[in-house]
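According to TrEMBL:
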- 21-41: transmembrane segment (TRANSMEM)
- 23-468: domain 'Major facilitator superfamily (MFS) profile' (DOMAIN)
- 61-81: transmembrane segment (TRANSMEM)
- 88-106: transmembrane segment (TRANSMEM)
- 118-143: transmembrane segment (TRANSMEM)
- 150-172: transmembrane segment (TRANSMEM)
- 178-198: transmembrane segment (TRANSMEM)
- 304-327: transmembrane segment (TRANSMEM)
- 348-367: transmembrane segment (TRANSMEM)
- 373-399: transmembrane segment (TRANSMEM)
- 411-434: transmembrane segment (TRANSMEM)
- 440-463: transmembrane segment (TRANSMEM)
Amino acid sequence: MASQPSKSPLDPINWSRTRKELLFATIVLGSCATGSLGPLLVPGFAVMAAELTVDLTSVTLLNGSLVMALGVSAYLCSCFAMCYGKRVVYLFTTVLLLASCCWAAASRSYASLIASRVFQGLGMGGFFALAGTASINDVFLVYERGLRVGLWNFAVIVSVNITPVVSGYVISELSWRWSFWLEAILFGVVLAAVFLCFPETTFDRTAVEPSIENPKSEITDIARSDISAPSRSIITVLLGHDPRPLPSRNILLACIEPLSLLLHPIVAWGCIMWAVTFTWRILIGAVASQIFTAPPFNMGTVAVGNLTGIAPFIGSALGTVMGGWLCDLSSRTMAARNSGIYEPEFRLPVMLPAIVTMAVGAFGLAAAVSRGLSVIVCGVFMAILNYAVGMGCTVIVAYTNDVCGERAGDAFGLAMIAKSAFAFGLSFVFNQFLTKYGSMVFFCTFGAVTVGVMLSTLPLYMFGKHIRAWADRHGLFCRSK
């Protein structure tokens, strides 16, 4: 089911606990910074439309272009990481983010600003495509991953939610340009953390002798003690040049090969689920100013930022943390009842509360907005909806991580492309659809689609093991030489 730790002290799974936690802290910091870029301008959409003399749809495309570039970047980052290692990808994308934030802050036209957003999207792929999948799989054992994935997802989604609160004040008191200057400073800190605390984690365990013969599962590895690595010069450590086995790959083949994973039903399921579920974050941001600055709400920039930040923050925080904890609890409990044999499908029951809360949140928000109920009521339903998004996304990533193993980065890159293409296409119609049909039809339509897609988890829980066996027989996870 998954690669066993080797005897090598260079194997990341054998690193000291301190080294692992510093790396994971860097993942969380980088993911927070990266996640904040998307909704950075949301509270100021109306202000920016007036300043740049463009319509609201054009301002919304500032996010749409970033999302589409992110999809491309997420896919390519996984490919380049396979050939050149993950550390190089993290360093390069962080430098790109720092530079593009400075560009956006200094831009003087809509064309320049949207171009900078494209480059920001290209830089976001490292911490979005690799951090929560491949890097966590490299360093942590299977029963440690669920909570880690939940915390990574927590960092991403919570930063998405809290950013409008902060940027609303920044845009109101300073300007939207200062939002980008502050982001540039933050990415400077992230770059230093990556350089100091994020060594290369790619390790080819097939090149060394496994430490356990004929294991039944990774359960026996949980109590495994840390193994100290041999001493190395500080320069070697900082540069990430540990003498570890790295697979030799052709970059062109690495960029084409992941597409074959779409033949795997579980990978295709993950792409569709991630695209539909995570797009709620983009959807709310795209229409928030349109809904809440108009009657009967008549809210200002700061108030819109608070509403679209605080309520979703609470829901996302609870959903992601509970999702990760419940994933690990469910897998441990069901494995114990299964004679100690773990199956990835043991994580899927956690999707049930996500489905219920998604229905309550989406349909409740539709009714609250269409009837002009109080902002507090709207905020409560936003929190419930984001609880579902946080928990659902955590389950999707945790399950596909376990199924895909070393191909998790490739699979998540495909999911990011699917999400980006889906959200980018919808960004052209969000505002017009809401204007034409009203909030009740708008939220109920997307809510029904989301619940319908999430219900596909039920047959996957029943037949997932058979699907994985079929995929293994056909070698769908095998790499070309």
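The backbone N, Cα and C atoms fix where each Cβ goes, and this holds for glycine too.
Outside the transmembrane segment (411-434) by six or more residues, the chain places 56-57, 60-61, 63-65, 67-72, 74-79, 125, 128-129, 132-134, 258-259, 261-262, 264, 267, 270-272, 274-276, 278-279, 282-283, 286-287, 290-291, 396-397, 400, 404, 442 with a CB less than 8 A from a CB of the stretch. Segment contact holds for the transmembrane segment (304-327) and the transmembrane segment (373-399), given three or more CB pairs below 8 angstroms at sequence separation of 6 or more. Outside the transmembrane segment (88-106) by six or more residues, the chain places 30, 33-34, 37, 73, 77, 80-81, 112-113, 115-117, 119-120, 122-127, 130, 177-181, 183-184, 187-188, 190-191, 194-195, 198 with a CB less than 8 A from a CB of the stretch. Mean model confidence of the domain 'Major facilitator superfamily (MFS) profile' (23-468) amounts to 85 (pLDDT, 0 to 100 scale).
Only sequence-distant pairs (6 or more apart) were considered; of these, fewer than three Cβ pairs between the transmembrane segment (118-143) and the transmembrane segment (440-463) are under 8 A, so the stretches are not in contact. The stretches the transmembrane segment (21-41) and the transmembrane segment (178-198) meet in space: the count of Cβ pairs below 8 angstroms, excluding pairs fewer than 6 apart in sequence, reaches at least three. Packing against the transmembrane segment (150-172) from elsewhere in the chain are residues 24, 27-28, 31-36, 38-44, 47, 128, 131-132, 136, 178-179, 182, 281, 285, 288, 300-306, 308-310, 312-313, 316-317, 319-325, 327, 386, 389-390, 393-394, 397-398: each is 6 or more residues past its ends and has a CB under 8 Å from a CB in it. Across 61-81, 348-367, 373-399, the stretch most heavily in contact with the transmembrane segment (440-463), judged by Cβ pairs under 8 Å, is 348-367.
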